[in-house]
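Here is what Swiss-Prot records for this protein:
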type	residues	note
BINDING	234, 306, 315, 322	[4Fe-4S] cluster binding site
COMPBIAS	338-358	compositional bias 'Acidic residues'
REGION	335-358	region 'Disordered'
């Protein structure tokens with residue numbers, strides 16, 4: 001196990017180093033608290049601040065913490081956790097390889113083994129898809145589309161890129177960003193996976209700690225986008241009932257109200273939405289929403305999980321994504337992630353434009 005393996009644990013040769021050492025993962029989680037603690041730190045830091053924490057000074061601990069972290073992510077089995085973890089690992093690798101790429105040849109000869117761009121391209125079968133273009137690089141359009149699909153901003157759209165003979169011109173920095181995306185794909189690949197009971201039992205405390213972090217964290221703090229067509233089926237149904245003026249049971253009103261608060265709607269906006277409902281009372285509705293938000297109570301309430309929605313009969317019209325998601329907010333976040341930013345039209349903006357036209 002070499003330092004480079006620990007810095008880039010997703011590499012094939014890093015995985016081979018672990019296999020060559022005949023490491024028993026079950027024994028590791030049962031007896032090596034240092035590795036388990038570092039694995040927990042990787043995942044918890046990814047959730048809370050988008051990093052993988054500080055690397056451990058011992059190469060063995062740092063490297064083995066990676067597969068254990070993947071086990072923890074699989075046991076938690078929440079989309080937001082998986083996404084944040086993969087992104088954090090990719091960001092950490094990006095910071096390391098961009099620094100190493102920038103290191104001069106002279107310095108490399110006297111320092112530790114480093115990763116170069118050629119090896120990283122080969123790792124993801126991109127060596128034949130990327131060629132030097134003097135002041136930048138050319139990337140085959142298929143590879144480019146795959147790696148640029150999740151990038152934000154017009155500059156990444158194929159229509160805005162120089163395209164010649166099926167190849168897209170990119171700068172060195174842009175190629176590094178595409179490589180970061182390839183790493184994120186590699187980390188995400190296979191997650192979550194089935195974990196043997198013997199290993200899962202040893203990690204019960206760590207999984208509970210991560211679940212507590214997830215429950216306390218305001219995972220939707222960055223969401224301020226209201227796109228009803230991307231709502232989970234349960235919330236679409238409840239919103240439809242509200243807009244049709246149908247009566248909602250208390251638990252149903254609570255569910256849709258917490259969801260709307262969670263995605264960034266203000267109290268006034270939610271009150272306006274509920275005005276068509278026969279059970280509407282502005283003062284009571286405003287109080288309930290402010291109470292949910294934590295303005296009039298010591299507790300900020302979150303949207304019920306799918307299991308709770310099912311128990312109250314509010315879970316309807318399940319689709320394929322529902323099968324893989326355990327929380328309505330996770331469903332909505334994934335839908336937002338999967339939709340091109342230019343296609344996201346906030347419902348509140350539409351309402352404002354209609355009022356202006358009127």
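Cβ from N, Cα, C; glycine included.
Positions of Swiss-Prot features highlighted on the structure.
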residue: 234; record: [4Fe-4S] cluster binding site; CB count, 10 Å: 25
residue: 306; record: [4Fe-4S] cluster binding site; CB count, 10 Å: 20
residue: 315; record: [4Fe-4S] cluster binding site; CB count, 10 Å: 20
residue: 322; record: [4Fe-4S] cluster binding site; CB count, 10 Å: 17
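Mapped onto three states, the DSSP output places residue 315 ([4Fe-4S] cluster binding site) in coil.
Within 8 Å of the centroid of the Cβ atoms of 234, 306, 315, 322, where the record puts [4Fe-4S] cluster, the same chain has further Cβ atoms from 232, 233, 309, 310, 314, 316, 318, 325, 328, 331.
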